Amino acid sequence: MPITINNFNYSDPVDNKNILYLDTHLNTLANEPEKAFRITGNIWVIPDRFSRNSNPNLNKPPRVTSPKSGYYDPNYLSTDSDKDTFLKEIIKLFKRINSREIGEELIYRLSTDIPFPGNNNTPINTFDFDVDFNSVDVKTRQGNNWVKTGSINPSVIITGPRENIIDPETSTFKLTNNTFAAQEGFGALSIISISPRFMLTYSNATNDVGEGRFSKSEFCMDPILILMHELNHAMHNLYGIAIPNDQTISSVTSNIFYSQYNVKLEYAEIYAFGGPTIDLIPKSARKYFEEKALDYYRSIAKRLNSITTANPSSFNKYIGEYKQKLIRKYRFVVESSGEVTVNRNKFVELYNELTQIFTEFNYAKIYNVQNRKIYLSNVYTPVTANILDDNVYDIQNGFNIPKSNLNVLFMGQNLSRNPALRKVNPENMLYLFTKFCHKAIDGRSLYNKTLDCRELLVKNTDLPFIGDISDVKTDIFLRKDINEETEVIYYPDNVSVDQVILSKNTSEHGQLDLLYPSIDSESEILPGENQVFYDNRTQNVDYLNSYYYLESQKLSDNVEDFTFTRSIEEALDNSAKVYTYFPTLANKVNAGVQGGLFLMWANDVVEDFTTNILRKDTLDKISDVSAIIPYIGPALNISNSVRRGNFTEAFAVTGVTILLEAFPEFTIPALGAFVIYSKVQERNEIIKTIDNCLEQRIKRWKDSYEWMMGTWLSRIITQFNNISYQMYDSLNYQAGAIKAKIDLEYKKYSGSDKENIKSQVENLKNSLDVKISEAMNNINKFIRECSVTYLFKNMLPKVIDELNEFDRNTKAKLINLIDSHNIILVGEVDKLKAKVNNSFQNTIPFNIFSYTNNSLLKDIINEYFNNINDSKILSLQNRKNTLVDTSGYNAEVSEEGDVQLNPIFPFDFKLGSSGEDRGKVIVTQNENIVYNSMYESFSISFWIRINKWVSNLPGYTIIDSVKNNSGWSIGIISNFLVFTLKQNEDSEQSINFSYDISNNAPGYNKWFFVTVTNNMMGNMKIYINGKLIDTIKVKELTGINFSKTITFEINKIPDTGLITSDSDNINMWIRDFYIFAKELDGKDINILFNSLQYTNVVKDYWGNDLRYNKEYYMVNIDYLNRYMYANSRQIVFNTRRNNNDFNEGYKIIIKRIRGNTNDTRVRGGDILYFDMTINNKAYNLFMKNETMYADNHSTEDIYAIGLREQTKDINDNIIFQIQPMNNTYYYASQIFKSNFNGENISGICSIGTYRFRLGGDWYRHNYLVPTVKQGNYASLLESTSTHWGFVPVSE
């Protein structure tokens, strides 16, 4: 049966079943038993603060108690009202967890499964129901005293947070011999200390995705992920597979490195998080933990076979029932003999589920929320929110609520987009700092006098995590004895969520028939912990490092005015100065508004900044790093690069190691030798020893690669990622200063247009965030390429060199073994030597995907080798009404005749076949491209729109790159778009797409996306809108000489078509024309197709941007043969007289409610209304009040759309919201009924056949009528009857 989550008020009375007073004996803040509420099954909540400290104190401590950030509030959960809120927040989170199958399964296991009643001190034949890690006392007040009346055996108790409110923790019980039942198979109760309304915030600045496209890239965690992460720990504890806390990766503590101080990354945390971070734990260690758990489970099974008694003896009657519960929990097998055993396959299945499926990383995907992609992410100031308010946080969507338009790009979690997310009081925060001390030399002094220390405090969390080399396991490199009995352990592959959890029927759980025995004896009271304090550390530096440079870019608080400076020292010493690394920006900002031209000045400043941050320097397109971001050096002074002069030149000389503040040199530990021997001098055993050695040799190579990967992930990538985070902060500091300067100048501005330009000024400032997102994509690409280059060029060769030396020694030993036993091996010597020689002939290849199942890492590596953009050798774009090549190869582009360039999106260019429209574009590619080798595999893609076409028109070439009858071309012949490869006049091959030339209006004039891929040794393929249309084999085209000139021109192909006159002018529009020096695959093409659609902007029927204040014919996708008309004031759709013509019916104009009047594009989520003019009278479309009638019956919640005379009053009846609904086959939108504030989506616009009222009479026959379906309209969301198209009247 489904899981039921109980509802409570904190004031509800104790009922001795679901509400009890519990005494855990663990909370040192509790002077008496605490009120507890059963959420479901074995899961309980105590809405009180929790501490294990011997002397607990909830006040902000005088010194830091953790390397992590801390938030303290002694008043939190101090009142019954606070406790009631906390209780209801936990209940709501459990309901949200329970809304997905994986969450339901998680709750089910925690609420029904039980720890083993006992531990390794318990006699093997006994169930002990009174163990201290399992039993919690139930107490009742009798007079002035609390009396124990029983006990319960929960699996999880959730309490309020510990002293540090933002540091959730899951704890369990330690046994007297310093072992944990939670780690030894038995399982144990977990106490989770958490605060659901305080959330950590992170940056997704290192991700090349669109989340930051319209705002800053900072987001808060969904509170269910915080809770579910801790529930993962609780489940590991419950199943007895918890990883010991001493299994960690520590941060480097040396003053040589800028690394987080005293941070220990626990393996247990990595397991609970999952995802890419799991690769920080070597597979050998993961296998060790799994095998250890298997041994413990075998011990548990052995105990179950021996159980004969229970403590207390009154529970002997429950022995059989508890055995069955434990057999089910551990997935043990009961043999025909009755013996309980462990089936290894069932154990592996269970272990994989617990460690690879139930992870924070997977939860984020399944609940569709934004989350950190790796465990080690940049942390920002925490936020709080009222998650009990369904308008802020609901069970289905969390913060990303569709009705508030916060579901797009996870805006509900975005700190700059959701006002409900409030930063906590900074006065209550506490940080561990590193104090940098820079002692400069006074060059003016004759004796080079050292100046006083220039101090800078940097938060510990702002430093990168650099793993200590001593924690990267090296035991795999120890000397190893090889004989005929040596075994090789192979590590299992990762498993997927789909394979395990989501295939289960989690709704059929059965009744929660849990036992809660009453026990009279007292549990042991365990001692509390002592509070540990940390001291800030001081680190001397010999130059102003990146942290000083970032500090110099921050705008000081309460500064009335400021100027930009190029001197970091000046900015550090003067609060009215801000350092910038863009000289022209400094000049323009500091000049201020000249001659009252405020808007021109602001535009110039923003354009200068955005131009600078989008700069890339290309040294060599064939190199590993495709483009350098030149301003990273002066922005962060990485490795004192500013002192070295030009950063790009320094990078070219030094390479990627210039970016690493620490650990620029990589060394592999000494590889222990193989000691080869055979105990018995027998032929088969010697041969087996040789085989085992060859297998161990392969394992040694793979182990070395794995060690290298662990080192790269924990010590190198973290440093590279830190540069991305720092650059994100730097760009935002620069943009923040620009915004502040614009505000200051606007405040002083007194022009008559001040109010009119206010919205333009705001749009200018907002555009800075958009450009920062674009710049971060460039920076992240550069950083990723550098990190991968370091792996392949700095690390991998050294590992292979060491392994080759190891191979030479091992091979010599094996040959010696064969020679020294040549008599025993008679007849086999030459064969064995050949086997050894062949085995050592080649190195073991490094396939990175053999060492990780990390999809994010795979994407990075694939980008390194096969990045789509990197393979562009031509990118023809319209930039500021000029056609240019933006690929980096700088092809020459010229225009002849009348080529019309569109100055607004989609920035296309138009070609015509005759008259004034005739023109051509000529592209001459760079001489440095070696065409014949480049085009062994190549692809071409472009968007094209062609006006109406008929089959008897002549054929036309539209794009031509043929010279001396050799090359390629694209044309239109009859109803086909044709791509042709031509070797000579007699040898060519073509592939085509049948273009719709039907007589129906829908069959022409639309934008569509064409991709042709060519593999000269394989196939030619054509894709339309990302879909594969046709594949043909490339045959006998081995000598194509490709031209460097590409001409875009409509030229008639002789002897084609029936019409020979030039009077029928053909027009077409082209945009985003690319050539790639590779064969794109289907995934590449889909990425390209989706990235070029700009899906947030609503499209008209042809695929152009839908515009405000422009006339359109409105059509329904299900009834394209109908046009919009009015019968009295009721809108109806009549049958067209000519299916080939959209120009029939009434025209509508889309009007905006509010927003930027300079941007005429209609965007998804816009609130708008529709104007219509009929016989010179103005109307609005509006929703009528009467419901529709069908078959003489009222149709519930369906209302007609009619006409209302236009007035100045804009009321809710005429207001709608629009969302794009584009797909492979057409461009359309969905229209929803909304209100003036856009806060309420009450219905969806559809179409259907109804009768409607006119005056007091009903029409006798039915009409096709547009309607609004209110109430439950979810079923219509997928219906094409709700898809509306807008055909421009002018086209």
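We number each residue from 1, going along the chain as drawn.
Here the Cβ of each residue, glycine as well, is placed from N, Cα and C on the backbone.
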Residue among Ser1043, Ser1279, Ser1281, Ser1290 sharing the ganglioside GD1a (d18:1(4E)) site, where Swiss-Prot lists Tyr1119, Ile1247, Gly1248, Thr1249, Tyr1250 as binders: Ser1281
Stretch carrying region 'Belt' according to Swiss-Prot (options 22-73, 74-125, 126-177, 490-541): 490-541
Per Swiss-Prot, member of Glu218, Glu269 binding Zn(2+) alongside His229, His233: Glu269
Other CB atoms within 10 A, centred on Arg1129 (ganglioside GD1b (d18:1(4E)) binding site): 15
Spatial neighbours of Ala1126 (ganglioside GD1b (d18:1(4E)) binding site) that are distant in sequence (at least 6 apart) but have CB under 8 A: Val1132, Tyr1146, Ile1174, Leu1203
Listed binding-site residues (Tyr1119, Tyr1146, Tyr1250), ranked by Cβ neighbours within 10 Å, top entry: Tyr1250
Residue pair Ser1128 (ganglioside GD1b (d18:1(4E)) binding site), Ser1281 (ganglioside GD1a (d18:1(4E)) binding site) - Cα distance, angstrom, rounded: 24
Spatial neighbours of the region 'Ganglioside-binding loop' (1269-1283) far in sequence, C-beta under 8 Å, 6+ residues away: 1116-1118, 1196-1199, 1221, 1226, 1228-1231, 1233, 1242-1248
Separation of alpha carbons, Asn1127 (ganglioside GD1b (d18:1(4E)) binding site) and His229 (Zn(2+) binding site) (Å): 61
Where His233 (Zn(2+) binding site) falls in three-state DSSP terms: helix
Where the record names Tyr1119, Ile1247, Gly1248, Thr1249, Tyr1250, Ser1281 as binding ganglioside GD1a (d18:1(4E)), the maximum Cα to Cα distance in Å: 15
Spatial neighbour of Tyr1250 (ganglioside GD1a (d18:1(4E)) binding site) that is closest, considering only the recorded positions Glu230, Glu269, Arg1129 and their CA atoms: Arg1129
Listed binding-site residues (Asn1127, Ser1128, Thr1249, Ser1281), ranked by Cβ neighbours within 10 Å, top entry: Ser1281
Integer Cα-Cα distance in angstrom, Tyr1119 (ganglioside GD1a (d18:1(4E)) binding site) to Arg1129 (ganglioside GD1b (d18:1(4E)) binding site): 21
